[in-house]
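A quick write-up on the structure given underneath.
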């Protein structure tokens, strides 16, 4: 899994050299931000069900046809609603993995890769998940550096879906 630190190490190793001062400084900066990222991951995890349920409600509010149209990809049944919250939970979980890893590696490997094909295969609208992620970003309750860390990953996924 790629993170800024592992990429710097790989580059230095491929060039047969030690890490430069700027690479060491960047790595140290990452460690300083790690506490905030872990705080964000911990908070998102402990509030996950509330955030997921709120995000699903925001999707149903903005796209009411999702609860009125029948089909496996819609939330017109209890099973459909369970799938919707499961999928939103998956997005949120992968964001917490990225926070812990300190880079977009988990997002790239487990979420972004193949996202377009998956949505097309299951006839899922990316706009549903964009709305869900925007809701979570606006309502996660984080502040300061923890919010900055989390919001960067939410923006990354939202941009990938847009």
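Glycine residues also receive a Cβ, built from the backbone N, Cα and C atoms like all the rest.
Contacts of residue 84 ((2R,3E)-phycocyanobilin binding site) defined by a Cβ separation under 8 A and a same-chain sequence distance of 6+ are given as 56, 59, 66, 75, 128, in order along the sequence. DSSP classifies residue 84 ((2R,3E)-phycocyanobilin binding site) as helix under the three-state reduction. Positions annotated as (2R,3E)-phycocyanobilin binding site by Swiss-Prot, on the basis of similarity to another entry: 84.
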